[in-house]
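Reviewing the structure listed below.
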Amino acid sequence: MMIFRALIAAATLAIAIATTLPAAADEVAVKMLNSGPGGMMVFDPALVRLKPGDSIKFLPTDKGHNVETIKGMAPDGADYVKTTVGQEAVVKFDKEGVYGFKCAPHYMMGMVALVVVGDKRDNLEAAKSVQHNKLTQKRLDPLFAQIQ
């Protein structure tokens with residue numbers, strides 16, 4: 001009987017611990033490609049949805065790419081991101097909202113991506129109002145349409 005009580009107590013403790021620990025954050029891989037879904041010079045995927053605390057591992061599958069925050073396309077207080085060309089980088093997202101990223105060497109060719117963190121879209125209209133060249137805007141418009 002004493003062993004049974006000890007097992008019940010241990011099981012109860014294990015359940016209590018499991019339900020109070022935070023869920024592990026996810027890490028999503030995003031490839032930076034010379035050619036892929038959507039054409040030449042693309043992020044794959046170009047639209048990523050995350051929970052606060054999740055991360056993206058940006059992979060320069062084809063060399064010559066980096067990731068940089070597009071000015072005006074991040075929530076207030078979010079860290080500015082600028083990675084080294086050709087280097088992998090992991091970026092953690094704690095602030096909810098919409099983020100726009102570019103590959104600086106290929107921005108004029110429309111190499112952009114959107115990241116949506118959490119449920120808040122407070123900066124969506126501000127992000128949509130940022131001016132881009134025609135090719136970049138052509139790539140962003142369908143991405144924005146998916147997060148309305």
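Glycine is treated like the rest: Cβ placed from N, Cα and C.
The signal peptide feature in Swiss-Prot is assigned to 1-25; the stated evidence is experimental evidence.
Annotation comment: Swiss-Prot describes 30-118 as domain 'Plastocyanin-like'. Taking the domain 'Plastocyanin-like' (30-118) as a whole, pLDDT averages 97 in the prediction.
Swiss-Prot lists H65, C103, H106, M111 with the feature Cu cation binding site. Other C-beta atoms found within 10 angstroms of the C-beta of M111 (Cu cation binding site) number 28, with every protein chain shown included. According to DSSP, M111 (Cu cation binding site) is assigned to coil rather than to any helix or strand.
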For the binding-site residues H65, H106, work out the Cβ neighbour count at 10 Å and name the residue with the minimum.
H106
For the recorded Cu cation site formed by H65, C103, H106, M111, which further same-chain residues have Cβ atoms within 8 Å of the site's Cβ center?
M32, M41, F43, G64, N66, K102, A104, P105, Y107, M109
I'd like the number of other C-beta atoms within 10 A of the C-beta of C103 (Cu cation binding site), please.
25
